[in-house]
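Trainee: Here's the feature list from Swiss-Prot:
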BINDING   G486, P487, Q488, N489, C490, G491, Q492, N493  ATP binding site
COMPBIAS  10-34  compositional bias 'Basic and acidic residues'
COMPBIAS  54-78  compositional bias 'Basic and acidic residues'
DOMAIN    120-177  domain 'L27 1'
DOMAIN    179-235  domain 'L27 2'
DOMAIN    256-336  domain 'PDZ'
DOMAIN    345-417  domain 'SH3'
DOMAIN    479-660  domain 'Guanylate kinase-like'
MOD_RES   S14  phosphoserine
MOD_RES   S25  phosphoserine
MOD_RES   S83  phosphoserine
MOD_RES   S84  phosphoserine
REGION    1-34  region 'Disordered'
REGION    21-140  region 'Interaction with PARD6B'
REGION    51-78  region 'Disordered'
REGION    181-243  region 'Interaction with LIN7C'
Amino acid sequence: MTTSHMNGHVTEESDSEVKNVDLASPEEHQKHREMAVDCPGDLGTRMMPIRRSAQLERIRQQQEDMRRRREEEGKKQELDLNSSMRLKKLAQIPPKTGIDNPMFDTEEGIVLESPHYAVKILEIEDLFSSLKHIQHTLVDSQSQEDISLLLQLVQNKDFQNAFKIHNAITVHMNKASPPFPLISNAQDLAQEVQTVLKPVHHKEGQELTALLNTPHIQALLLAHDKVAEQEMQLEPITDERVYESIGQYGGETVKIVRIEKARDIPLGATVRNEMDSVIISRIVKGGAAEKSGLLHEGDEVLEINGIEIRGKDVNEVFDLLSDMHGTLTFVLIPSQQIKPPPAKETVIHVKAHFDYDPSDDPYVPCRELGLSFQKGDILHVISQEDPNWWQAYREGDEDNQPLAGLVPGKSFQQQREAMKQTIEEDKEPEKSGKLWCAKKNKKKRKKVLYNANKNDDYDNEEILTYEEMSLYHQPANRKRPIILIGPQNCGQNELRQRLMNKEKDRFASAVPHTTRSRRDQEVAGRDYHFVSRQAFEADIAAGKFIEHGEFEKNLYGTSIDSVRQVINSGKICLLSLRTQSLKTLRNSDLKPYIIFIAPPSQERLRALLAKEGKNPKPEELREIIEKTREMEQNNGHYFDTAIVNSDLDKAYQELLRLINKLDTEPQWVPSTWLR
């Protein structure tokens, strides 16, 4: 596939550092846009023209109105003619009817031509009338002088002759080109249809079989295939023709490259326009160009199969290469850039922490190659040669995606997100107060029980892009702890308790620590680990607690060692934690599997809580939904998966399925866990 670049996204040429983002206008990016040609599926599209100005649109609309009036007058005259007695009698004769074939569907993109849809030609009288109309509309003296000058030009004989030539060329250029055959094996298809219809006993099927067996139809299909083979077969480019054509490029170093390209394999190269030249700007992994190793970035394309390329824009290159296959002969001027031999790149696997849609990104070099993904998707990055735009495949799409797609590089994405945040902060109006002083935020902070060491403010301001991942299969004797996260009243505590009650030999809870005194019938090490306040505070300072807090002047907390004890016993540790504890837990060596329990819709949540005898207010339900969005936005990068709890029994079965899958399938985990 040959595609095109938009070069406005960088201003520096160094590969060793992040390149600056050029926030140019869409029109500027349109000038540098690269075109994707020979793309799989519907990716390749022609570059859209820049919109006309409003004044030109108004003039065009006036011309359309005049043309429409003439058509209406013509139709009126036609109706007058149709009212004659002879035509009325002819109209009473029943028309010939055929058999309606509901299975027939015109090929997408084929337009049935009709004189009614012919290109409208602007006549000199229309132009003169439009100028007269504009002359009456515009009142300033400068415009009147301009219109008078144009009217004199329109009345000039030389201009009118040139205008007629223009119209004649327009009519010729808009003539439909002869259709290109879609296939050259119509006979084989007819035989296949007959095979399919053999067991069919319907009347229509038998009629179709008989029709396909008639000598006339078989002769027609044979003739079709012969003509199609001639049309679809590219004329071989001989060495003599190539050497003869490159003689015109005397004085320039020229190389000849031949690439075999199958019909179902895209070429996999991107091109851009530099003045009159067509330059290869990117080699895409997975295409015929990359596999051949013969095309390189910076090469100028002079000819393809004997057709001169210099002077063509990327749209014309798109049209030229869209149907080419077989042997492609390129005449190139090699790139003058001296690049070190490419090092063998290793594939890295990353988890995306943001959503990306290339159709909304004005800086993507080639929109047709942009790879869309959602937060949480796994991407297999196979090339980071361009630090700004990586080439990657999305997990699960490798077989259906012949070419690697373009995704923003990590540093590039961080840079433009930082720029976006700066712009948004600058736009925020300052809160005004008395005497031009800013008001203080008097909203009280609600106390929560969580580990406050290693302040989470950095997490909130960190720009999340990608996280490198590796596959990990948990050992049979060392199960990963299961962490349930979710807003209140969403069922995570109920799900945890049900697992504990139904499979006591498989699941266990970490024994918490406390500074309060032991009560009657409580067993140390089973109900709590009873420690002194001094020892508890020392463990807090040492970062040994996943989460902790104070209640009635006593400290409570869950330690990393308590979770590790459950893991070492061979059981699965079940925890229900607050989101503030996830950073400490994830930075430990416990390798947690974090499941987000999300609420259903507001109405469904109300019904579920009503079954439990709860009657929440509408604002309480809205608060739960809003809290869910907040948790997903701020902590979603920690979650391994999510369960929507619309039914507690179904949610329990899904939770059990996910836990069981950890024993049978490897899971993606941060690569730092395995180093």
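A Cβ is built for glycine as well, from the same backbone N, Cα and C atoms used for every other residue.
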Trainee: Check the binding-site residues G486, P487 for other C-beta atoms within 10 angstroms of each C-beta and report the one with the most.
Mentor: G486
Trainee: Between the stretches 120-177, 256-336, 479-660, which wins on the count of C-beta pairs under 8 angstroms to the domain 'SH3' (345-417)?
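Mentor: The stretch with the most contacts is 256-336.
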Trainee: Using the centroid of the Cβ atoms of G486, P487, Q488, N489, C490, G491, Q492, N493 as reference, list every other same-chain residue with Cβ within 8 Å of it (recorded ATP site), in sequence order.
Mentor: I597, P599, N645
Trainee: On a simple 10 Å Cβ count over all chains shown, which one of the binding-site residues Q488, N489, Q492, N493 is most densely packed?
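Mentor: Answer by Cβ density within 10 Å: Q492.
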Trainee: Could you tell me which three-state DSSP class Q492 (ATP binding site) falls into?
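Mentor: Reduced to three states, the DSSP call for Q492 (ATP binding site) is helix.
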Trainee: With an 8 Å cut-off on Cβ-Cβ distance and a minimum sequence separation of at least 6, pull the same-chain contacts of G491 (ATP binding site), or say none.
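Mentor: In sequence order, I597, L608, N645, L648, A651 meet the Cβ cut-off.
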Trainee: Report, as a single number, how many Cβ atoms besides its own are within 10 Å of the Cβ of C490 (ATP binding site).
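Mentor: Step by step: centre on the Cβ of C490 (ATP binding site), count other Cβ atoms within 10 Å, giving 26.
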Trainee: Please work out the helix, strand and coil residue numbers for the domain 'L27 1' (120-177) from the DSSP assignment.
Mentor: 46 helix, 0 strand, 12 coil
